[in-house]
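Visitor: Sharing a structure with you now.
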């Protein structure tokens, strides 16, 4: 008796190897969990335009005794004329703590069980995100409270990135790594989009919920990411097994990669690339609200177009770099095009929105998001994985976590400086903020010039001769 043939769906499932299923599970889990990290970071940029508004246009309750018609609806201490500086300080508390913590996170990530490390980080991040929102219900008007909560949140948020990149980088080879990690890295933009939309639902009625709801989401995800779930133990077993006897060769190999393979250049390039990206992340909704006179929800919804463009840019950068073999050249080309696009975007918002030609302005936002976030996504994913799994580091599979933390930690310095500078410069005019962003793009491009030259020589058939 012949056995009945399997259904097409069952055939498709069984056609994948065990290795392929492991890769799929790792991609899916790390995508979902890091999406929640970015989802919980985004609300502050949406709520800014609610914390300080033009109260003269807001109808006040009849029983409310108003002493200042322009600031009665603002949330102290952000009701003063220096509110932009205070917003910059608030952003910086998170980002400086994140940058400092990132340099140590890779070390802890190498030594602690990944499941405990990630789950505890997600739960703590949810708690601190929710505490910021609870300031609304507890009627807290102390800047120090919000700064402290932001700083603690920045520290615990460093648990995510080195760990998830190490998971993905150790399971995927270099050939299609750019494309795969470009698609996977869209969790950054997806998290920003979801965070904007969720925060936008509550921002005008009860802005505290704009933080509390994302905080609950990431904390619940951390609980689901439970240490006893056997399927998640796959993440903690990369394909390459570390060999303790190779400790000293690995130390030397670290130095080789740092000097020859461009960790320094990519790290410094990422510093300026993240400066630009995070300035958009934290200040774009407020800029749109101020210039186009949108309410906080509309400004937040519109700002998500920048993140949609970021998804496209990350995938495009990965595809091009896989095909060409030139990670640095791909980044440099996108940065060159991004610099004038940043200036064009501000000019279009100042003129196009006021003339109601919004479709073209939306296209500019998408395109700008792709060019700004493309190099940033490529460096933090495929480039970090290339360097951390370099052949001279073979025998130390956990080196990827350290290399990733160093590169992203350096980039996070730029992420901290950008929003702070935006807060200091924006009172002198939004144009000056965008000139600062253009200068950062140019510097990021120049820092890759040696690596671009090396890649171009390789395409032309020249080989690099090692000295010594």
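Cβ atoms here come from the backbone N, Cα and C positions, even for glycine.
Nobody curates TrEMBL annotations by hand; they come from automatic prediction.
According to TrEMBL, the domain 'Major facilitator superfamily (MFS) profile' annotation covers 26-457. The transmembrane segment feature in TrEMBL is assigned to 21-39, 86-109, 116-137, 143-172, 179-199, 205-225, 256-282, 302-320, 332-358, 364-387, 399-421, 433-453.
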Visitor: Report, as numbers and ranges, every residue of the chain located at least six residues beyond the transmembrane segment (21-39) whose Cβ falls under 8 Å of a Cβ in that stretch; write 'none' if there are none.
Guide: 118, 122, 125, 157, 160-161, 164, 167-168, 171-172, 180, 184, 187-192, 194-195, 198, 214, 217-218, 221, 225, 231-232, 234-235
Visitor: To the transmembrane segment (143-172), which of 86-109, 179-199, 205-225, 302-320 is linked by the most Cβ pairs under 8 Å?
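Guide: Selected stretch: 86-109, with the most Cβ pairs under 8 Å.
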Visitor: So which of 116-137, 179-199, 399-421 has the most C-beta pairs under 8 Å when paired with the transmembrane segment (433-453)?
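Guide: Comparing 116-137, 179-199, 399-421: 399-421 has the most Cβ pairs near the transmembrane segment (433-453).
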Visitor: If you count Cβ pairs under 8 Å, which stretch among 179-199, 302-320, 364-387, 399-421 touches the transmembrane segment (86-109) the most?
Guide: 399-421
Visitor: What stretch in 179-199, 205-225, 399-421 has the biggest tally of Cβ pairs under 8 Å against the transmembrane segment (302-320)?
Guide: 179-199
Visitor: Across the domain 'Major facilitator superfamily (MFS) profile' (26-457), what does the mean pLDDT come to, as a whole number?
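Guide: Looking only at the domain 'Major facilitator superfamily (MFS) profile' (26-457), pLDDT averages out to 81.
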